[in-house]
Every structure is written in structure tokens, then in C-alpha cells.
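Chemist: As annotated in TrEMBL:
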- 13-132: domain 'CMP/dCMP-type deaminase' (DOMAIN)
- 54, 55, 56, 57, 58, 59, 60: substrate binding site (BINDING)
- 65, 99, 102: Zn(2+) binding site (BINDING)
- 67: active site, proton donor (ACT_SITE)
């Protein structure tokens with residue numbers, strides 16, 4: 001359940017670094033079709049932060065979300081274990097939630113123990129992103145969920 005600070009208690013400095021990184025990454029978003037910029041930043045177990053933005057294509061399935069961009073950057077640099085992810089958008093009245101494909105990637109790469117989902121009033125924290133957001137639990141369930149309500153509204 002969402003609350004002010006995760007039980008896994010990320011240090012306030014790390015939270016701020018994550019949020020700044022994802023907000024900065026959002027500025028690089030390529031979203032000429034949805035006009036919905038998103039930035040994400042992932043914190044590795046060893047303390048490195050990798051950021052990413054959404055990159056759209058006129059053929060929507062070929063685009064890449066910010067969360068997967070950040071995760072893929074970290075993995076391509078040899079990182080496999082993560083502590084937290086922060087996600088930021090321009091939503092005015094709600095926080096951003098990962099789409100089904102991003103949730104599946106997060107689940108396969110370790111369920112993230114903490115997430116800062118950036119909202120207008122500041123970040124909303126989750127102890128375990130899988131606990132609050134439905135994620136495919138095992139390999140037997142191969143179907144992907146619908147994308148998040150927020151992103152569907154902007155496509």
C-alpha cells in the first residue's frame with residue numbers, strides 16, 4: 001500500500017537523486033504522438049543510477065517506455081540487481097504507473113523493493129512495486145495486462 005516512506009527506507013539523499021534523475025531524463029523524451037513525456041531512474045544495488053525516457057514510434061508497439069529504457073541501460077552495463085525505481089510524468093492529479101510490459105520486465109529482473117512514483121504533490125512510495133500493482137507472477141502466465149490508465153488516456 002502506498003505511504004510516505006518505504007519500509008525499505010531509502011536514504012533521503014538517494015530518493016532525491018533518483019527523482020532528480022528521472023525528472024531530468026523526462027526532458028529528453030521523444031513523444032511527438034502522445035505528447036506525454038515520462039522519465040525513469042533505477043538505482044542499482046551498488047548505488048549507481050541509470051535513467052531513461054520514453055521514445056515513441058509512429059507504430060506504437062515499437063516505442064519504448066522510460067522504465068524499460070532505464071532498466072535496459074543498467075543491464076547493458078552489467079547490472080542485474082536493483083534497489084528502487086523512480087518514475088516521473090507531467091500528470092497533474094495523479095502519479096504515473098508502469099504499463100504492463102514495464103511491470104513484466106521489472107518482475108523478471110527482480111521485484112523492486114521500493115518505487116517512487118512522482119506525482120504533483122511529490123513522490124508516492126511503494127514498499128514492493130509488485131504488492132501494489134498487479135504483475136505477472138510466474139512464467140505460466142504469459143499474457144500482458146492492459147497498459148496503465150494514465151498512458152491510455154494520452155494515446
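Placement of Cβ uses the backbone N, Cα and C atoms for every residue, glycine included.
Tell me what's around each of these sites.
Modeler: In sequence order, 63 are the residues of the chain that are 6 or more apart from residue 57 (substrate binding site) and have a CB within less than 8 Å of its CB.
Listed in sequence order, the residues of the same chain lying 6 or more apart from residue 102 (Zn(2+) binding site) and placing their CB within less than 8 Å of its CB are 65, 67, 68.
The DSSP secondary structure for residue 67 (active site, proton donor) is helix.
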Chemist: In angstrom units, rounded to an integer, how far apart are the Cα atoms of residue 58 (substrate binding site) and residue 99 (Zn(2+) binding site)?
Modeler: 18
Chemist: Distance between residue 59 (substrate binding site) and residue 99 (Zn(2+) binding site) at the Cα atoms, whole Å?
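Modeler: Computed Cα spacing between residue 59 (substrate binding site) and residue 99 (Zn(2+) binding site) is 17 Å.
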Chemist: For the domain 'CMP/dCMP-type deaminase' (13-132), what's the model's average pLDDT?
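Modeler: Averaged over the domain 'CMP/dCMP-type deaminase' (13-132), the predicted model reaches a pLDDT of 84.
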Chemist: Long-range same-chain neighbours of residue 54 (substrate binding site), Cβ under 8 Å, sequence gap at least 6?
Modeler: 29, 30, 31, 36, 37, 38, 63, 64, 65, 66, 69
Chemist: For the domain 'CMP/dCMP-type deaminase' (13-132), jot down how many residues DSSP puts in helix, in strand and in coil.
Modeler: 41 helix, 34 strand, 45 coil
